[in-house]
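*Asks:* First, the structure itself, so that you have it in front of you.
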Amino acid sequence: MFPYFFSPSCVIGRSLTFQMLNFPHSKLTIFSNVHRHKMSNKRLNGIQFLRGFAVLAVVLGHNRGTMYDNIVAGSFIDYITSNAIFGVEVFFVISGFIISHSTQSIKFSSFAESLSFLIKRFFRIYPLYLMVLALYVSLYYYNYYTGVFSLGHLSIENIIQSVFISSYQSDVISPIYGWGTLVVAWTLRYEIYFYIIFAISMIFTAKYRSVLTTAIIITIFIFSSYYYQGHLVLDAQSF
């Protein structure tokens, strides 16, 4: 599951946000709420547009099977639904941008502040995730259609793995590497990896933060690529 996080699509997106957003701006603190800050006193409408487009792509991609008879080969809908994975990658890049933008003025963070950042991200995501997981398990148990009966397995082992967002199966294709029970939660693992690396990077001074973090990510990507494939691979789907 690690290689996809260090694939070019993720590495480039994360790295660009580190590089481009490391400049003076209005004073922000580590305790700033990512979704309430003013972003230079205006909404980043381009980001909102990308979010909407990514949502549409993912929804269409997941429903391609039910729409197949109505899709014309070579059409725009055919192109979008057959390449819906890019919508997830766009979300990853947006996440990197938002987190970087909200903390761009922090020149140096102590270990306690970096830990506080991780704790805040945890409580922003995990409680809601557990609620969705509980609802999903309930629907699955009572035989309500969840859309992925053939992938997510309702077993104690898988439920426990899903609770800890740690599902891993070596025979599952990349970039998922493990279905668990709530199969769509695989993306959260990569978000968590990013939050951890970002929190560590905040300990560095702003002058070197982007360079060191980018170097670390690219180094891990290269090593993982050779470890899993024996050569450098630029396509995340190949791992």
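Using the three backbone atoms N, Cα and C, a Cβ is placed for every residue, glycine included.
Heads up, here are the entries from TrEMBL:
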type     : residues : note
DOMAIN   : 45-232   : domain 'Acyltransferase 3'
TRANSMEM : 44-60    : transmembrane segment
TRANSMEM : 80-101   : transmembrane segment
TRANSMEM : 122-142  : transmembrane segment
TRANSMEM : 176-198  : transmembrane segment
TRANSMEM : 210-228  : transmembrane segment
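Are these features on the surface or tucked inside, and what are their neighbours?
*Replies:* Sequence-distant contacts of the transmembrane segment (44-60) (same chain, six or more residues past either end, CB-CB distance under 8 Å): 67, 77, 80-81, 83-84, 86-88, 90-91, 94, 97-98.
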*Asks:* Can you check how the pLDDT averages out over the domain 'Acyltransferase 3' (45-232)?
*Replies:* 79
*Asks:* In terms of Cβ proximity under 8 Å, which residues at least six beyond the ends of the transmembrane segment (122-142) contact it?
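*Replies:* Contacts of the transmembrane segment (122-142) (Cβ under 8 Å, skipping residues fewer than 6 from its ends): 149, 152, 154, 159, 162-163, 165, 181-182, 185, 188, 191.
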